[in-house]
Amino acid sequence: MSCLLNNMVLMGLALLVCGVQAFFLPNTTSLEKLLSKYQHAEPHSRVRRAIPMSDRQEILMLHNKLRGQVYPPASNMEHMTWDEELERSAAAWAHRCLWEHGPAGLLRSIGQNLAVHWGRYRSPGFHVQSWYDEVKDYTYPYPHECTPRCRERCSGPMCTHYTQMVWATTNKIGCAVHTCRNMNVWGDTWENAVYLVCNYSPKGNWIGEAPYKHGRPCSECPSSYGGGCLNNLCHRAEKPHKHKPEVDMMNEVESPPAPEETHVWVQPRVIKTKKTPVINFMTQVVHCDTKMKDSCKGSTCNRYQCPAGCLSNKAKVFGSLFYESSSSICRAAIHYGVIDDRGGLVDVTRNGMVPFFVKSQKNGMESLSKYKPSSSFTVSKVTETAVDCHATVAQLCPFEKPATHCPRIQCPARCGEEPSYWAPVYGTNIYADTSSICKAAVHAGVIVDEVGGYADVMPVDKKKSYVGSLRNGVQSESLNTPQNGNAFRIFAVRQ
C-alpha cells in the first residue's frame with residue numbers, strides 16, 4: 001500500500017489516504033479482531049465514555065445531515081450509525097496524542113479523520129463542518145469521466161476529509177475527544193490541545209473511485225435496507241424495542257480498569273437541563289392609548305403592532321414630525337400617515353430631546369402642541385421583503401446610529417441546508433451582519449427550515465467576537481476581532 005500525504009490545512013485537519021492494488025474490505029469478524037487489539041479482555045469494569053453523549057449525538061446527526069444533501073445527489077448513500085468499537089479504537093489512538101494517523105494495522109480496514117485545536121472551545125461539530133466544507137474544492141467525477149478509474153479532482157489543499165465523510169458505503173462511525181497536555185503539531189508544542197479522532201467503517205477514499213453513485217436519492221440502495229429511505233439516505237427501519245430508563249450508568253461502557261480521566265476543555269462546558277426554548281419577538285403588541293415612554297423600556301422598542309380603531313380613541317398626540325414621548329404610538333402613526341384606522345405595523349426611532357412640539361391637522365386627526373423640552377420619537381412604515389438564502393444584513397440594511405430599521409424578512413425553505421461557504425453564519429444570538437439572514441433564522445429557531453417564514457431583524461453595533469454553536473441542525477462559526485461590519489439580532493414573528 002502506498003500512502004498519499006497531502007498539505008497541511010487550517011485548524012489542524014488531516015486525513016491519510018491509502019491506495020491499494022485490490023479492493024479489500026474485511027468482514028465483520030476480521031474487523032472485530034483488529035479492533036480487539038486496542039481493548040482489554042477483562043469484562044465488567046466500567047469507565048466513562050471517550051466522548052460526551054451530547055458530542056456523540058452532534059457528530060452523528062451532522063454527518064447524516066450532510067451526507068443527505070450532497071450535490072450531485074447520491075443514489076446509494078447509506079445512513080450512518082454510531083459504533084462503540086470504533087469509538088474505543090479512536091479513544092485508544094487519541095490518548096497517544098500523536099498528530100498522525102494510526103495505528104498502522106488498523107488503517108488497512110478503517111478510515112480516519114483527525115482534528116486538533118487549542119485556545120477557546122470549539123465543538124466537534126465545528127470540525128465536522130470544516131471537513132465537509134472541503135467540498136468547495138472538490139469536483140465530483142461523473143461515470144463518463146471514469147475510464148475506468150476516476151481521476152482525482154481536488155483544487156484545494158485537501159478534499160479527503162470530505163470524501164470520507166460522504167463515502168456511500170461507509171455506514172459506521174465512532175469518535176473520541178482527548179485533551180493532550182502537550183502535543184507536537186507540525187513541529188510546535190501545543191499545550192492543552194483538544195484532539196478529535198473519528199474512525200469510519202467500512203473505510204472510504206479508495207483511489208480511482210467516486211465517493212458515491214449519482215442519481216435519484218435511495219434509488220440504488222443495497223437490498224439489505226429493504227427499500228427504506230430517510231432524508232435521502234438508505235435507511236433500515238429499526239424494530240421497536242423498550243427503552244431502559246436513562247441513568248448515569250447509561251453513559252458508561254464495558255472496559256478494562258483504567259485511571260479515570262476528566263476531560264479538561266480549554267473553555268469548560270456546563271451541561272444544563274434542557275428547558276423549553278423562549279421565543280423572542282421584536283414586535284410589541286400595543287393598545288391605542290399606549291404611550292411611547294411607557295412601552296419603550298428595553299432594546300427591542302422599535303417595532304409595534306397597532307390594533308384597529310385607534311382613530312376615534314381619545315389618547316393624546318403631541319407634535320407633528322417629531323412626537324413627544326408621552327404621545328400615543330398608534331395615534332401618532334395614524335397622524336403621520338404610516339397606518340390608517342385598520343391598524344398595522346409601525347417602526348419607531350427615538351430621537352432625544354426636542355425644545356418644543358407643534359400641533360397640526362393630518363389624516364383625520366389633530367395633534368397638540370407642547371412648549372417644553374422633552375424626549376421625542378419619529379414613526380415610519382414597515383415594509384416586507386422576500387430574500388434568498390444568501391442575503392445579509394450588511395447588504396440589506398447595515399447598522400447606522402442612532403438606529404436602522406430593516407424590512408420584515410420573508411425567507412424561503414431549506415436555507416439551513418445551504419453550504420457555509422455560500423451562506424455562512426457567524427455567532428450565536430447576536431450574529432455578524434455578513435451572515436446569511438435566513439440561515440441565522442434557522443439557527444436561532446426563529447423559522448422552521450422545512451417551510452421558511454417571516455423574521456424581524458434588528459441591526460446593532462459590532463461585537464469584538466462571535467462564538468459559533470450547533471443549533472437546530474445549523475453549525476454557526478466563530479469569528480474573532482472582525483475588521484469590518486456590524487451585527488444583528490433576529491426575532492420570530494407572531495403569526
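Including glycine, each Cβ sits where the backbone N, Cα and C put it.
Swiss-Prot lists 1-22 with the feature signal peptide, giving sequence analysis as the kind of evidence. Feature annotation from Swiss-Prot assigns N-linked glycosylation site to N27; the stated evidence is sequence analysis. Per Swiss-Prot, domain 'SCP' is recorded for 60-200. Residues annotated as domain 'LCCL 1' in Swiss-Prot: 282-377. Here Swiss-Prot flags C288-C306, C310-C330, C389-C411, C415-C438 as disulfide bond. Sequence annotations record features per position, and here Swiss-Prot assigns domain 'LCCL 2' to 383-486 based on sequence analysis.
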#### Entry: Among C288, C306, C389, C438, which are disulfide-bonded residues, the residue with the most C-beta atoms within 10 angstroms of its C-beta
C438
### Query
Expressed to the nearest Å, what is the distance separating C310 (disulfide bond) and C389 (disulfide bond) at their Cα atoms?
38
### Query
With every protein chain in view, how many other Cβ atoms are within 10 Å of the Cβ of C415 (disulfide bond)?
26
### Query
What are the DSSP helix, strand and coil residue counts for the domain 'LCCL 2' (383-486)?
15 helix, 34 strand, 55 coil
## Note on the structure
Those disulfide-bonded residues from C288, C306, C330, C389 that fall inside 10 A of C415 (disulfide bond) by CA distance are C389
### Summary
Expressed in Å to no decimal places, the gap between the Cα atoms of C438 (disulfide bond) and C389 (disulfide bond) is 6
### Message
Quick check: in three-state DSSP terms, what is C306 (disulfide bond)?
### Response
strand
### Query
Within 10 angstroms of the C-beta of C411 (disulfide bond), what count of other C-beta atoms is obtained when all protein chains are considered?
26
### Summary
Counting across all protein chains, other CB atoms within 10 angstroms of the CB of C330 (disulfide bond) number 31
